[in-house]
């Protein structure tokens, strides 16, 4: 067993990332893993709330990097996708630069980048989404994903603004929204495009029911972390993405490879 | 004959013109350089050239058959190398 | 061999970095006095093999998108010594000209620009220490709050192709005389004369391609 450390930077009101990611990665064959989090204060998923959260990024990187993780996941998807296009690359680059300046070998991923990486890995062209966000924010996330070259065929916004409440959304409500999606010509379903909305227990059944690959921000994050750690994805009962071994690694987006060179400033 | 070379840039021209006043020197052009040839020692007086000190102390590009016998703030003297 | 193997590819200074023990003075000097915008900052710690203090790395724009950057290490005391700058301290036996040799020179386009920077410095506690006309450039000098020499310079006329040829010839001669253990200005000027004679037939080619070296 290899012991690997995973650093997480999470919104302070998020309870789901630190639940679902350990559940997933502890089921990975051949991996002994520990998790080390730092929190950015954020309670309301509004543009102002997200902006206030982003200025805490540098502090959080300092705190997590002190633990010497193998890989760090910036785990707030909407904070990045509510920004300008390609914001995830900008933020990943800034975190990578900060780490490299302190000669940290830690790799950097973000849940926003990981979701796109998973869609790319699955060769998805058309996708359907369930999000917990208010409609304007959901629209921004859809635009962001479309700008990255994926067609969003249909989506649902559950319109929950309070982030604590997002963490308590019932699985039945998520599945109900998924069943309403028009899946004509769709290659994959994102059951929760949010690391706070719980969905892990639904993924495997949803894949059966919908007959399509089903991913979430959490499973995509786990996939990206496993790929960063160079471990074949082997997590049972969490969708086909996480049982794909190394089959999908070649086709996954390689943008990360160019920003983690550990350049000494 | 021995030779001294000066790069042909505007700042060096007065230096070459003053040198040329000596009876014993012969000035030709060799590519981007003035080539001042002589069979005997000669001297250039900076005050006659009006060159600023930074120009003065960097005006010589090369010497062949001469040696610099003296180079102070006002005088640059060449003697035949023994 | 690839298509780039003989190309000159670099595009100026991304950043030149220096340590500082006086971030307040440094920000006042570069941002408030000279008016160089702060364009980037990074805080980090010693996460690599060598443990060191938490630090901040901050950047000022010096034109063209080029940057000067500083490292400020929290809690680190200035190194002992009497002369020099924040990076290096020297004993009394190190001559002044040697201390003055390392410096950063920034360029401006006009006399008005140079005068403006002189005015900004002279209105601050880092007044212009010297204004000099060299052969083809005019410069002002001061020491920044860290003891680093900063020069601001303008060209009095463009550099000509023959000066590039001459510079290449000088450097070839320098490498030759120093390599053979004969390092003197006399040896250099003799070697240059030899090279001038050797290259007499090639001036047209050399002046057409001033960047080409032998």
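Heads up, the Cβ atoms here are built off N, Cα and C, so glycines get one too.
Note that the coordinates shown come from a computational prediction; the quantities given were computed from them, not determined experimentally.
What TrEMBL lists as substrate binding site is A:14, A:76, A:77, A:78, A:133, A:163, A:195, A:196. Positions annotated as active site, nucleophile by TrEMBL: A:76. For A:76, the entry in TrEMBL reads S-(2-succinyl)cysteine. The feature active site, proton donor is assigned by TrEMBL to A:194.
Features per TrEMBL, on structure.
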| residue | record | Cβ contacts under 8 Å, 6 or more apart |
| --- | --- | --- |
| A:14 | substrate binding site | A:39, A:75, A:76, A:163, A:167, A:195, A:196 |
| A:77 | substrate binding site | A:110, A:111, A:112, A:115, A:141, A:193, A:194, A:195, A:217 |
| A:78 | substrate binding site | A:45, A:50, A:133, A:137, A:141, A:194 |
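Each of the recorded positions A:76, A:194, A:195 was scored by the number of other CB atoms within 10 Å of its CB, and the largest score is that of A:194. For residue A:196 (substrate binding site), the number of other Cβ atoms no farther than 10 Å from its own Cβ, over all displayed protein chains, is 29. Other Cβ atoms within 10 Å of the Cβ of residue A:163 (substrate binding site), summed over all protein chains shown, number 24. Secondary structure from DSSP puts residue A:195 (substrate binding site) in coil.
The Cβ centroid of A:14, A:76, A:77, A:78, A:133, A:163, A:195, A:196 marks the substrate site; residues of that chain outside this set whose Cβ lies within 8 Å of it are A:11, A:45, A:75, A:79, A:132, A:166, A:194, A:197, A:217, given in sequence order. If you draw a 10 Å sphere around the CB of residue A:133 (substrate binding site), it holds 26 other CB atoms from the protein chains shown.
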